[in-house]
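This report refers to the structure that appears directly beneath it.
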């Protein structure tokens, strides 16, 4: 609605196909990396996560950006709506993931120290 | 009357009241906030998947080995090709959806209808693919041996290839038959009995000297630990309690039970969203055909279901990454 009154008769189909091509290329890169799994990416760690996984996560967020901004037309919405949706999700998810992964890692260490047996 | 009017000095400003600060209709704004809450639900699922994975980070199943089927390619190791194909199907149906929205802006009813139809077909193909994926996961390929501690042991040969239980175990004649409701006094029944008993597996394993046991544990380089022949026999005898073929919510042949649970829950919840998306799309499609939105003067309803449909695609992008790639 933010845009349909001002330029109602303009077609965005060129941009849509461009975004489709970008999304396809990103997915292809992900799949190829996932099949080859280059050794140096798998065995290099950055902030206790494999480099290859960082690449996957960054590419995924990049794809999410294109889907939200271009396909869901977030780029055409007001700043207020954009922030109330994207920032809310962003902060809560980062917080949740941080807590759960830290806790998961801690529980893992407890299992490793042998106080609790998981394989008997 | 003048005295009762409160002047705040914000009249005419964005948040001064009497206007639409977010410049969207009520319906579209609520669709956005529904999507926000749904996104948080999915992140809850995926984050708890991350928790379980960190907790068992040295024994989690390797996704490439689990999801390596492709239609009409039997016995060919095809890691990820199939889910990649599913991803493309969903992204493409997202494209047709956004083209339908675009055609709606230009009030082209015929084009909206065609693109909506293509979107629906894409959604149905995706659902079918997911059903096939579930079928493979539930049936299993190789089978495994359950241990007393609730872990699984998998069988491989000297070259490191997985060996299915069928290939070396011969079921001995049994006297034990499945108890069913029809022949019981208390009208209770029991789960289907496994095809092989632990004794059958042990006999088969001993008769084939080229077989080894692979445990769930991961080495430093991310490969599963393989036991020597002697250790394999000892492990089977001391810890094996039965046979697992395929997967359900209690156990699965791939490893940690949580792996199966999260697979069923997350892809199931997502599949449910795709299903509802397809159903809503069908309703809107027929509304387009009978000209509801033409009479209304705008195609905003198509935009709203479009938002939902793109969201379903967005979630799949994350499920694809965290379940199949990472």
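In case you wondered, yes, glycine gets a Cβ from its N, Cα and C as well.
Quick caveat, the model's predicted, so the values are computed rather than measured.
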Stated TrEMBL location of transmembrane segment, expressed as one of B:31-52, B:53-74: B:31-52
Contact set, same chain, for the transmembrane segment (B:31-52): CB under 8 Å, 6 or more residues outside the stretch: 24, 256, 258-259, 262, 265-266, 269-270, 273, 304, 307-308, 311, 314-315, 318-319, 322-323
Most Cβ pairs under 8 Å with the transmembrane segment (B:262-286), selected from B:80-100, B:112-132, B:307-325: B:112-132
Chain residues in Cβ proximity to the transmembrane segment (B:80-100) (below 8 Å; excluding those fewer than six residues from its ends, i.e. six or more beyond): 64, 67-71, 111-112, 115-116, 118-119, 121-123, 125-126, 129-130, 133, 302, 306, 309-310, 312-313, 316-317, 320, 324-325
